[in-house]
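To start, the structure under review is shown below, and the notes come after it.
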Amino acid sequence: MKPAPPASPQSAGTPYPLVLDTLHGRVAPGRLVASPTGHVLASTVALPDAPAGPLTRFGLAVAEATPESAFGEGPAADRFAVALLTAHRELLDATLTHTLRHLEGRTSGSTTLLAKQLVAGQLADIALRLAEDTAVPEARRHAGRDARWRSHLRLVDIGRDLLRLLGASGFLADGPAGDLHLAEVVGNVYLHADTEDADE
Amino acid sequence: MNELREAAAPAGTDLLDERSRELADHCAAMAGRLRAIGMRLDQDPDVITEFLHEPEVRFPVQGMLPPEYRSVGEFPARLVEASSTVLGQVVATEQVSYGDPNVLLASPGPSLSGGAVQALADEQQRKRYFGRLTSSPTHTFFALTEPGKGSAATELETTLTPAPGGGWLLNGVKCYIGNGARAQLGVVFCRRAPGPWGIEAVLLDTSAPGFSGELLPSVGLRGARISRLRFQDVTVADEDVLGAQRSPSRRGLYGATYILYRFRPGIAAMAIGCAQAACDYLVTHRPTLPRRDRHRLDSVLDRIAAVRHRTYAVARDIDAGVVDVAGIGAVKARAARVAEDATRLVAELLGPACLIEHPWVEKTYRDVRAFDLMEGTTNLHAMSVFQRLLRDRAAPQPVTERAVDGAARH
């Protein structure tokens, strides 16, 4: 399979739904990529006629796939899955920078929270885990659906730990928490390694 | 509507007496209706006004009111009385939250501010506060947290200064205050003088000039309606300073800590209720799991049972006058974490696109993340646990100083 497009569409803080639209456009120009389950997730701008749902206020629309969709399996879907993980990783990287700045501006007693040993250790651990995920060799990281799902779960872990460090501001929909929630939902739809077969 | 859950009493409830179990059953029967209302609140938290007449919405608030202000004849008095203790509040809150925690948080009523009034106010202040709550549906708030300092009560910067013509002026900003922007009445913690005993709690009518509230968009738990509040030269009358007749060490800061310790197990109970509900939802929708996945679910259920048992224990101790600060923080932190882990596991085991196809799961997945940051983050409580660990097992002095220095507040 082809490696992920080296996109960094959210470097300037682009809202995640618009990042998602960019990924759709790069992987399947003029079309939207459907998940293996037959869903299409894109911004409310790209899917203006999609029914309103709980994610609409985050700017994300959900629609059923149509014959025009780039459908759920094959090279386009693989490239899209890889690009989703790249975008998630970049979002986490930006959130890490945001968290460092945020904690530098918060004080407890006479010091910033950033100077607290507990906080510093957690931030360092997060940075290491993020770097580690990036360092997983391509052939292994994108070996298949299971590998991509493992990577997604690692990224979700990192994101949750980062948001905890942001305290209550890590729960605001118009900050990193909103975008990271969408990345988690999109991963659940496009990247999930189906375990249904294991029911036997 | 008990079809949401298994018939047997949840594991970890062995500390409950017969009356508490009856209370739990009473609240458990509300779960289905509360879940339906909770889904509506996630779309629009202000629709709570459509449901204020419903017993499922009215009952949970009753135990938070002093006996003379409770609804007479509407609910079994023994159950209302049972729900007025800390353990009773925990039992009721867990079951109500199994249905949906947003309903409780969105409802008018005393919230934490009622606890502050009960703890600090003189008789006239109590009458004014609770009289207003019972005369018409009234939302209230408890304003402690500030943008730069979090919920560190000793460091708050909102000021209370003497007004030129008598009384006081309130100035400052509070952040992440539940129901703040839609409340009619609240309690604001502020600084009158330097030091821990210079903190006061004042009653505030939100129609006062200089008060403004702004809703903050939260990822989940939207019923809480977290808000940013601004006070610009808001006039506070002498009679609105809570507990002015008390010594400084028995009012502002004392009131804040007293209330937080008493209500914190309730946050744990919300998290436990949501975690159990998520696991039961999975079992209902995917009754046959592969052995490996069943082990993962059972592991989460073990943790839920353990934190439930410990939450009941600290609540029972508070009722007995024993306040284990580290233990209270620990159950809140651990319950929040297991709720997050439970919803993540359920989202994984329900399969691809379940966060789209199961809207309640997606909502709960968002909601439970609030419990980590409500009333102190996990890091803050972890430091409290660590300090007790040192006190119990190590030479205290030098290391304790390091622990204090390393404490984090969010």
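Glycine residues also receive a Cβ, built from the backbone N, Cα and C atoms like all the rest.
TrEMBL entries are annotated by machine, without manual review.
Taken from TrEMBL, the feature domain 'Acyl-CoA oxidase/dehydrogenase middle' covers B:142-234. The helix, strand and coil residue counts that DSSP assigns across the domain 'Acyl-CoA oxidase/dehydrogenase middle' (B:142-234) are 12 helix, 46 strand, 35 coil.
Taken from TrEMBL, the feature domain 'Acyl-CoA dehydrogenase/oxidase C-terminal' applies to B:251-389. Broken down with DSSP, the domain 'Acyl-CoA dehydrogenase/oxidase C-terminal' (B:251-389) shows 117 helix, 0 strand, 22 coil.
Computed over the domain 'Acyl-CoA oxidase/dehydrogenase middle' (B:142-234), the whole-number mean pLDDT of the model equals 94.
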